[in-house]
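Asks: Pasting a structure here, questions to come.
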């Protein structure tokens, strides 16, 4: 696997050096690369939608972050320029991963998850605290958020372990279950209930669709629910989020301020929006408008119509992802594709739900929209895995989806 990884890296460098501007163009815009012509059409559509999603996100980030960047750094494009640097790295990561076989990527998943877990543990003695939560560690000028980086490796490793559940030793099962619980517990202690819940949901749903016995699933679900309640009882800021969610207008200038301003932004957009870069709420009324609440700015500037079109993009993305899930004969590949969809689309819907007030404030970023290098790299990683699974779903190896409609349960598809 290491030889293949090195050979692909060397090939990428040779292509860039020999091919000149054409190669640079192809690697920065992989949707234009000739190799994509040989892919399954679903893989090509997923790649096009991924970069459409990214492009919309960069435009919205430019608008949402401009006032804050101008005020803080006297450079309105400060955040966008930094995001573009991370985006270029993410695209290179995307190119590399879509060239690797899934079986090769899975070989590094165990090392990746253990390394990410060790980084997660380092946030306790040497983490940088922001708003009472130590979620980042500094590596020179770069801030690393292990709880974000670990998401792709959780998808990879949980899919691999649960796809082989009946064929692995009891000690190996215990090791990975304890490690998964330790990871979620470490994220929860930071404290970061929303990310811990998302990671737990990923593992639980992958285990569910893999056919793990209901007794174990219900036991884990019960423990998770009790742990979440204990966390809510012990963390004041989490209780305040629930209270502000239930009635933000009761305290519109204190605990309900963030949600009230978000709702005002969404409502101000009406049908067609105020126009690109014409948001009023981003002018220091709506807090963290270029990260957690960037969808509120998007809704204000593009209106209900723009929000509807973006949600339609998510629905199409989800549908194409499910076609990949149902068409691939490999159990581990199906679980991988399902996990990727849950992170990309599920996290997006949670973020949107928070912005419009139907879910409590979580702090989860909107993939490809929210500012943050860790988020953009993790999102590119997850989307590359999904597209790589689609690429490997070759014509001769695909399942006839319509033949599955007569089965009694969707869990039949994962057997």
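Glycine is no exception: its Cβ is also placed from the backbone N, Cα and C atoms.
Found this in Swiss-Prot, in case it helps:
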type     : residues : note
TRANSMEM : 12-32    : transmembrane segment
TRANSMEM : 45-65    : transmembrane segment
TRANSMEM : 85-105   : transmembrane segment
TRANSMEM : 108-128  : transmembrane segment
TRANSMEM : 136-156  : transmembrane segment
TRANSMEM : 174-194  : transmembrane segment
TRANSMEM : 197-217  : transmembrane segment
TRANSMEM : 283-303  : transmembrane segment
TRANSMEM : 306-326  : transmembrane segment
TRANSMEM : 338-358  : transmembrane segment
TRANSMEM : 367-387  : transmembrane segment
Asks: Can you work out whether the transmembrane segment (85-105) touches the transmembrane segment (174-194), with the criterion being 3+ CB pairs under 8 Å where the paired residues are 6 or more apart along the chain?
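Replies: Between the transmembrane segment (85-105) and the transmembrane segment (174-194), contact is absent.
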Asks: What residues elsewhere in the chain lie close to the transmembrane segment (367-387), defined as a C-beta under 8 angstroms and at least 6 residues from its ends?
Replies: 43, 46-47, 50, 53-54, 56-57, 60-61, 65, 79, 82-83, 85-87, 89-91, 93-94, 97-98, 102, 105, 142-145, 148-149, 151-152, 155-156, 290-292, 294-295, 298, 321, 324, 336-337, 340-341, 343-344, 347-348, 351
Asks: Would the transmembrane segment (197-217) count as touching the transmembrane segment (283-303), i.e. at least 3 C-beta pairs under 8 angstroms with sequence separation of 6+?
Replies: no
Asks: If we call contact 3 or more Cβ pairs under 8 Å (sequence gap 6 or more), are the transmembrane segment (136-156) and the transmembrane segment (306-326) touching?
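Replies: Between the transmembrane segment (136-156) and the transmembrane segment (306-326), contact is absent.
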Asks: Considering only Cβ pairs within less than 8 angstroms, which of the stretches 45-65, 174-194, 197-217, 306-326 has the most against the transmembrane segment (108-128)?
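Replies: Looking only at 45-65, 174-194, 197-217, 306-326, the most contacts with the transmembrane segment (108-128) come from 174-194.
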Asks: Are the transmembrane segment (45-65) and the transmembrane segment (306-326) close enough to be called in contact, which here means at least 3 C-beta pairs under 8 A that are separated by 6 or more residues?
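Replies: The transmembrane segment (306-326) and the transmembrane segment (45-65): touching, yes.
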